[in-house]
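K.L.:
Sharing a structure, written as structure tokens. Questions coming.
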Amino acid sequence: MFKINENYLKLQGSYLFSTIGKKVRTYKEENPDKNVISLGIGDVTLPLAPSIISALHKATDEMAAKETFKGYSPDLGYEFLRSAIAKHDYEARGVQIALDEIFISDGAKSDSGNIGDIFAENNKIAVCDPVYPVYVDTNVMAGRTGEFNYTTGKWSNVIYMPCTKENKFVPSLPAETPDIIYLCFPNNPTGSAITKMKLQKWVDYAIEKGAVIIYDAAYEAYISEENCPHTIYECDGAKKCAIELRSFSKNAGFTGTRLGFTIVPKELTSDGVSLNSLWARRHGTKFNGAPYIIQTAGAAVYSPEGIAETREQINYYMNNARVIRDGLLEAGYQVSGGVNAPYIWLHTPDGMTSWEYFDYLLQNASVVGTPGSGFGPSGEGYFRLTAFGTYENTLEALRRIKNL
């Protein structure tokens with residue numbers, strides 16, 4: 001009889017956003033006359049920029065001609081895209097990244113789950129608490145997390161690093177030594193950012209302890225404060241201890257188009273074994289490459305027109321973030337985020353739990369957000385709102401919330 005991967009049976013309920021979706025569908029069925037506004041899941045609402053659409057059309061036409069047709073892409077991705085990434089995302093910030101250290105993928109979510117394939121099962125992970133659920137759930141699937149404690153809401157073999165109002169939602173170095181450290185800045189869900197000085201301490205710590213940092217920089221384009229690094233490789237020594245995940249979803253609207261990349265420096269080794277070589281082997285074996293059409297669109301993001309157009313979209317979303325943040329503060333809420341990230345993290349009022357506030361907002365304002373407890377134990381009593389809606393819906397949602 002064949003056997004299943006029993007680690008999947010340890011996963012707690014359904015994926016957070018699936019649960020939210022079910023609740024919202026039920027509410028809509030029971031209240032067909034209500035106009036529900038979602039400030040929940042972080043999906044963009046603006047269309048792809050004109051220069052990106054133009055590149056998509058051109059590449060599509062190329063696929064119709066024998067002379068310009070493209071099949072499988074190179075394992076690492078097309079050089080024209082990797083060169084643009086190296087130049088604009090790294091060289092422009094004083095960081096040198098070799099083209100064979102850049103691995104094109106179909107998104108940061110895939111890579112954040114897949115990167116665990118190159119690490120042994122008995123590695124101990126450390127995560128921020130609250131945290132993007134994919135980091136923990138994919139390690140549950142891999143058998144690294146131990147057993148779930150229903151009382152504490154924690155896994156026995158996971159080091160939780162609390163992110164609280166007291167530490168401005170940036171974790172302290174853990175007392176227990178981890179092997180793999182997951183960091184995400186600007187942070188999802190709290191919207192917090194990390195200064196270069198604080199991130200350097202994490203790099204120094206990882207080198208000292210022989211740990212590796214998985215650094216999710218999917219929201220770096222939203223950074224507005226100069227003392228916050230856009231890449232972990234701005235820190236001295238980071239190439240010896242860090243893998244960086246990047247995405248085109250939030251900076252260029254590719255949530256439905258799917259494109260991202262991962263940086264694995266050749267300096268990063270374990271017992272003399274190159275993680276770059278391991279990831280290249282894994283990448284070439286399990287992934288046939290992002291489509292040529294999509295990679296061409298990705299390269300257009302770095303054109304002068306693409307840079308200007310995507311910056312305009314980012315400014316649009318960050319204006320929404322300002323509307324949410326200012327409106328909530330005016331209504332007496334305790335909030336953070338919304339300055340270097342498109343997420344606003346609010347303390348639930350009147351002692352409500354995260355899910356109680358979710359139901360309260362849905363039932364009384366027809367507004368959807370994300371319960372903080374879905375991101376980890378330290379998220380209880382908090383709630384996430386996103387700035388990815390339309391400006392008009394954002395204004396209306398805040399009007400409803402302020403009138404409660």
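From the backbone N, Cα and C atoms, a Cβ is placed for every residue, glycine too.
Features from Swiss-Prot:
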- Tyr15, Gly42, Lys109, Tyr132, Asn188, Asn288, Arg384: substrate binding site (BINDING)
- Tyr72, Ala108, Lys109, Tyr132, Asn188, Tyr219, Ser247, Phe248, Ser249, Arg258, Asn288: pyridoxal 5'-phosphate binding site (BINDING)
- Lys250: N6-(pyridoxal phosphate)lysine (MOD_RES)
K.L.:
What does DSSP call Asn288 (substrate binding site) in the simple three-state scheme?
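P.N.:
SS state of Asn288 (substrate binding site) = coil.
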K.L.:
I'd like to know which of the binding-site residues Ser247, Asn288 has the most other Cβ atoms within 10 Å of its Cβ.
P.N.:
Ser247
K.L.:
Spatially, which candidate from the recorded positions Tyr72, Ser247, Lys250 is nearest to Asn288 (substrate binding site), comparing Cα atoms?
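P.N.:
Of the recorded positions Tyr72, Ser247, Lys250, Tyr72 has its Cα closest to that of Asn288 (substrate binding site).
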K.L.:
Sort Ser249 (pyridoxal 5'-phosphate binding site) into helix, strand or coil using the DSSP assignment.
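P.N.:
SS state of Ser249 (pyridoxal 5'-phosphate binding site) = helix.
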K.L.:
At 10 angstroms around each C-beta, which of the recorded positions Lys109, Lys250, Arg384 has the fewest other C-beta atoms nearby?
P.N.:
Lys109
K.L.:
List, in sequence order, those binding-site residues among Tyr15, Gly42, Lys109, Tyr132, Asn188 whose Cα sits within 10 Å of the Cα of Ser247 (pyridoxal 5'-phosphate binding site).
P.N.:
Lys109
K.L.:
Where does Gly42 (substrate binding site) sit in the DSSP three-state scheme?
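P.N.:
Coil, per DSSP.
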K.L.:
Using C-alpha atoms only, work out the spacing between Lys109 (substrate binding site) and Ser249 (pyridoxal 5'-phosphate binding site) and round it to an integer in Å.
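P.N.:
Spelling it out, the Cα of Lys109 (substrate binding site) and the Cα of Ser249 (pyridoxal 5'-phosphate binding site) are 10 Å apart.
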K.L.:
Which one of these binding-site residues, Tyr15, Tyr72, Tyr132, has the sparsest Cβ neighbourhood, judged by other Cβ atoms within 10 angstroms?
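P.N.:
Tyr72, out of the binding-site residues Tyr15, Tyr72, Tyr132, has the fewest neighbouring Cβ atoms within 10 Å.
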